[in-house]
Amino acid sequence: MSRRVVRQSKFRHVFGQAAKADQAYEDIRVSKVTWDSSFCAVNPKFLAIIVEAGGGGAFIVLPLAKTGRVDKNYPLVTGHTAPVLDIDWCPHNDNVIASASDDTTIMVWQIPDYTPVRNITEPIITLEGHSKRVGILSWHPTARNVLLSAGGDNVIIIWNVGTGEMLLSLDDMHPDVIHSVCWNSNGSLLATTCKDKTLRIIDPRKGQVVAERARPHEGARPLRAIFTADGKLLSTGFSRMSERQLALWDPNNFEEPVALQEMDTSNGVLLPFYDPDSSIVYLCGKGDSSIRYFEITDEPPFVHYLNTFSSKEPQRGMGFMPKRGLDVSKCEIARFYKLHERKCEPIVMTVPRKSDLFQDDLYPDTPGPEPALEADEWLSGQDAEPVLISLRDGYVPPKHRELRVTKRNILDVRPSTSPRRSQSASDAPLAQHTLETLLEEIKSLRERVQAQEQRITALENMLCELVDGTD
């Protein structure tokens with residue numbers, strides 16, 4: 001009689017557990033906007049959640065320790081004139097978060113370590129370049145202040161947040177709406193999925209599609225794709241029969257998937273969260289009440305089902321804590337922040353161990369908060385792997401670090417990097433400037449400011465008359 005050999009893996013017994021009720025964040029009006037983003041972003045200091053807001057878009061930022069009921073007057077981050085669709089914490093500064101909105105802009109915010117008294121309404125910088133809603137944001141994993149945005153105009157723009165400049169604009173690669181964008185581990189390539197049902201790998205600095213696969217999943221619903229640590233791709237999508245699928249691809253051979261897992265029949269898009277340290281991918285479907293997780297290995301069948309965490313309530317969105325924010329003393333290997341209709345509930349994934357000592361095999365060195373490159377170095381063609389830190393003694397977030405934005409001098413001799421804006425006098429190279437054009441520009445700006453001030457005065461007078469009338 002043949003004996004079945006059980007696969008060796010330290011992650012076979014990963015189990016998930018919802019936090020106790022007093023560890024949840026209650027009374028949060030989670031956004032109801034119909035958009036397939038996670039609506040939640042988390043780092044070792046803060047939890048950010050997109051919320052319902054009248055007359056514009058807003059999100060709430062809570063210190064991780066502020067569990068329990070959230071006061072209904074708790075200050076929000078408000079500045080967008082239409083709903084916020086995506087938020088993303090800067091991986092190199094735990095106090096900086098970017099938000100993308102239906103109002104076509106991206107705003108970058110500095111969050112103080114103390115609780116603000118009133119709403120935060122002034123971003124550090126507003127990035128304008130998209131002509132339609134902006135639904136996807138992703139910071140570069142290794143270069144300082146480099147942020148990617150993708151909009152409903154089918155354009156991907158890469159920004160230098162430190163100067164407010166548009167570094168690159170990829171505007172002729174996607175014929176339809178972009179569903180997902182992901183950097184590889186050193187930020188040299190992008191993986192994108194699009195409504196045209198094509199999975200693309202793009203070199204953003206060369207402006208080239210280096211590999212593509214049409215219809216990696218046959219179904220009509222949106223695809224998602226992420227890079228694994230060794231440069232392979234994981235995609236989630238639907239079969240022709242609307243069964244949800246997870247596929248592993250080798251970009252050097254896009255003909256057939258390395259592995260394909262079929263799951264259930266449901267129409268919720270699967271959001272994949274990947275941990276490169278353990279090579280585990282967690283699949284969270286919007287509207288599902290479960291998280292499935294799989295281990296990716298080098299031996300067949302390559303994608304190994306581990307387990308499913310199930311609960312009663314469906315999830316509206318999900319936040320995924322970076323590795324440096326986990327509690328290593330409890331053998332935590334992942335922590336999710338599950339959004340309900342009116343609350344956010346942490347879910348902890350642990351590997352049971354008897355010893356209280358630091359578990360080296362569970363916690364290899366992991367990306368820390370220091371960037372490996374400056375934005376200009378990356379743009380010039382340099383690549384660098386993330387700067388790693390040890391979690392042996394736990395991770396203590398650094399104190400508040402301010403993001404300073406230094407706008408380029410308007411007399412900068414280099415031409416504007418933006419391929420998509422018409423040049424005003426202040427954008428033009430020095431050689432094109434004359435004293436007259438500069439004076440003309442200053443004069444027109446002054447006139448515009450004057451007109452705005454007159455308009456404000458007129459509106460204030462009207463307001464006073466209305467108030468007097470009601471008295």
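Cβ atoms here come from the backbone N, Cα and C positions, even for glycine.
Annotated in TrEMBL:
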| type | residues | note |
| --- | --- | --- |
| DOMAIN | 4-68 | domain 'DUF1899' |
| REPEAT | 77-119 | repeat 'WD' |
| REPEAT | 127-169 | repeat 'WD' |
| REPEAT | 171-212 | repeat 'WD' |
| REGION | 411-431 | region 'Disordered' |
| COMPBIAS | 415-426 | compositional bias 'Polar residues' |
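Per-residue pLDDT, averaged across the repeat 'WD' (77-119), gives 96. Sequence-distant contacts of the repeat 'WD' (127-169) (same chain, six or more residues past either end, CB-CB distance under 8 Å): 35, 37, 82, 85-92, 98-108, 175-178, 180-183, 185-187, 190, 192, 194, 202, 204-205, 207, 367, 371-379, 383-387, 403-408, 417-421. Counting residues of the repeat 'WD' (77-119) by DSSP class, helix then strand then coil, yields 0 helix, 22 strand, 21 coil. In the domain 'DUF1899' (4-68), the DSSP tally of helix, strand and coil residues is 3 helix, 24 strand, 38 coil.
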